[in-house]
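What TrEMBL lists as domain 'Tetrahydrofolate dehydrogenase/cyclohydrolase catalytic' is 4-119. The domain 'Tetrahydrofolate dehydrogenase/cyclohydrolase NAD(P)-binding' annotation in TrEMBL covers 138-279. Among the features that TrEMBL reports, NADP(+) binding site is placed at Gly164, Ala165, Ser166, Ile189, Ile230.
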Amino acid sequence: MTILDGKALSNKIKEEVKSEVQDLQMKKGITPGLAVVLVGADPASAAYVNMKSKACKQAGIYSIVHEMPETISQDKILEILAMMNKNPNIDGILVQLPLPKHVDTTAILEAIAPEKDVDGFHAYNTGRMTLGLESFVPATPYGVMQLLKEYDINPEGKNVCVVGASNIVGKPMSTLLLNANATVTTCHIYTKNLKEHTKNADIICVGVGKVNLITEDMVKEGAIVVDIGINRLENGKLVGDVDFENVSKKCSYISPVPGGVGPMTIAMLLVNTIKAAKLREERERKLND
Ligand code: NAD
């Protein structure tokens, strides 16, 4: 069994991003910038935002965090996003989810300029990604694809079972795998007999948020298991959705939690941010030509 080491690969990608940022600064005179919107005081969201800011700083990306109170109105968030859309120092805008219940998440995500949508959640980018066109790809499934690639795992022709079908994890994961010519089965809360689907899979990608959802009996011998889930146990320990101890004995590759998909998500966000900065530079150059 081989561990899909997301931590090691993310460190490699972060180093590449860092040198690309230096290159952009030296050759084009631009510093990529990321603005993060954090609404409310959810400790998990604050921790994720903190990690993202820290990674930006280490890579030389300019980053700002707009912290807003839980009670802020939707109109006020829209107003701030409109300002960020116009701000030439900001290449990427990210709204940390989940948002408070009184805020319409879709309306907020659709208010981000598609060319600054480094999370790839805007319908424009989702549509282009689905069509297999150039777009911003959501960082978590993008990170999974990079992790598979690093270990020479080609999903083409493989039976892949994606467990979880959210707009930010499961659905884009299934789309990317389908675009990579896998035969994809997407399972969710309404799926009857989950095991029937997972047992048939050469690759299982699970992102649900349920401890021990995937057990040894649900995995075929030699399968590749990618655990996207993040769950915090009462003792503070972070675990995924897979019973790692037992499943790892049966599969050929497995991603651990922590140290698997999580660090890849951060790395791909940085990749998306420099991509946005490069596209901005290209647009400006064309305008000036
Ligand atoms: P979500 O709650 O929006 O979606 C959960 C999905 O799981 C839904 O499609 C639901 O139908 C499905 N589901 C729920 N119970 C199920 C069950 N018993 N069997 C099969 N499917 C079931 O969550 P999300 O935002 O997609 O996040 C999913 C998990 O991924 C969470 O643990 C989250 O913390 C984690 N996550 C990790 C990263 C990372 O970087 N590793 C990034 C984002 C989310």
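Backbone N, Cα and C atoms are what each Cβ position is placed from, and that goes for glycine too.
Any TrEMBL annotation is an automated prediction that lacks curation.
The model shown is predicted, which means the values in this text are computed figures rather than measured ones.
Over all protein chains present, the Cβ of Ala165 (NADP(+) binding site) has 18 other Cβ atoms lying within 10 Å. Listed in sequence order, Gly209, Leu238, Gly240, Val257, Gly262 are the same-chain residues at least 6 apart in sequence whose CB falls under 8 Å from the CB of Ile230 (NADP(+) binding site).
Its Cβ placed at the centre, Gly164 (NADP(+) binding site) has 24 other Cβ atoms within 10 Å.
Spanning the residues Gly164, Ala165, Ser166, Ile189, Ile230 that the record associates with binding NADP(+), the maximal Cα-Cα distance equals 17 Å. Here the domain 'Tetrahydrofolate dehydrogenase/cyclohydrolase NAD(P)-binding' (138-279) is broken down by DSSP into helix, strand and coil counts: 53 helix, 26 strand, 63 coil.
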